[in-house]
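Asks: The structure's right below; bear with me while I get my questions together.
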Amino acid sequence: MNTPTATLNAPAADAESAAASAADKKAAFELNKLSKRLHRQVGQAITDFNMIQEGDRVMVCLSGGKDSYGMLDILLGLQQRAPITFSIVAVNLDQKQPGFPEHILPAYLKARGVEFHIENQDTYSIVKRVIPEGKTMCSLCSRLRRGILYRVADELGATKIALGHHRDDFLGTVFLNMFFGSKLKGMPPKLVSDDGRHTVIRPLAYVAETDLERWAEHRAFPIIPCTLCGTQDNLQRVQIKHMLRDWDQRFPGRIDNMHRAFSQVVPSHLMDRALFPFETLVPTGVADPAGDRAFDEDDSELCAPSGSADAAGDEVSVPVALIRRV
């Protein structure tokens, strides 16, 4: 027999249950969108840059971080539905860092049924011996890893080496090179290695780091933190990462626009004489519909204050039409 209290509490319980059900449906919907977006972006990058071809053996470099786990997971999904046939072998370089949990990756890869190879090389001792305390280890560590991975690729018969750099890594590299190297240089989605023998691909070129974080949480990857360099909070790359995250939060769309700019480069509007023949440029006296203009049609829109926090408060926009009449 229902008591009066139970009868009164029933509507509240039903409301809570309905709210929980709605929240679960929304979460499932968002995860489905995330999955589709990740697979679409990786598939698009592979297509745009012809990263993987029929019969390729792709060596997926797996560090144990969210990015490489995500890359492997997405590539395995695409492998099942791709119109071409390619194989995957996951490779981890065990650098003998103290406390590195050697059992995690083999257990995960066996459970997924993925072919894998663990390469044991004590690069940790070399880096610690050569690099002074407090100095950045990334450069030497990267060179050592690269040489080892190239050798392993040969031994395994891999035709492609896949690295887990994402969209934010691309942007961060551009700013690092500008701020500290005086170069306008990013991170190519596909390249031939410096020894001329290997093709390196970055299938996550279009993927945002925040999406990889959400995917890693959803898939419950057994993340292995990098104790060698990941705790060096003063790294220039970490500072750049914080800058980009701040921009993304304060100015939605800015990061996407900057990333798209990499595929819309106009060499004639830069200053590299190796890319454009400024020295030999002379007027021909003949109008060219495809020719260059000093001012683009939408320059006025780019310069005009928009009223947003991103606009320059004291700048005044001058219509392009007026400038052309001067």
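Glycine too: its Cβ is placed from the backbone N, Cα and C atoms.
Sharing the record's features from Swiss-Prot:
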type	residues	note
BINDING	CYS138, CYS141, CYS229	[4Fe-4S] cluster binding site
MOTIF	63-68	motif 'PP-loop motif'
Asks: On the DSSP side of things, how many residues of the motif 'PP-loop motif' (63-68) fall into helix, strand and coil, could you say?
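Replies: Taking the motif 'PP-loop motif' (63-68) as a whole: 3 helix, 0 strand, 3 coil.
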Asks: Who are the long-range neighbours of the motif 'PP-loop motif' (63-68) in its own chain, taking Cβ under 8 Å and residues 6 or more past its ends?
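Replies: Here the qualifying positions are 92-93, 104-105, 164-166, 204, 209, 212-213, 215-216, 221-226.
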Asks: For the motif 'PP-loop motif' (63-68), would you mind checking the mean pLDDT of the predicted model?
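Replies: That region's mean pLDDT is 95.
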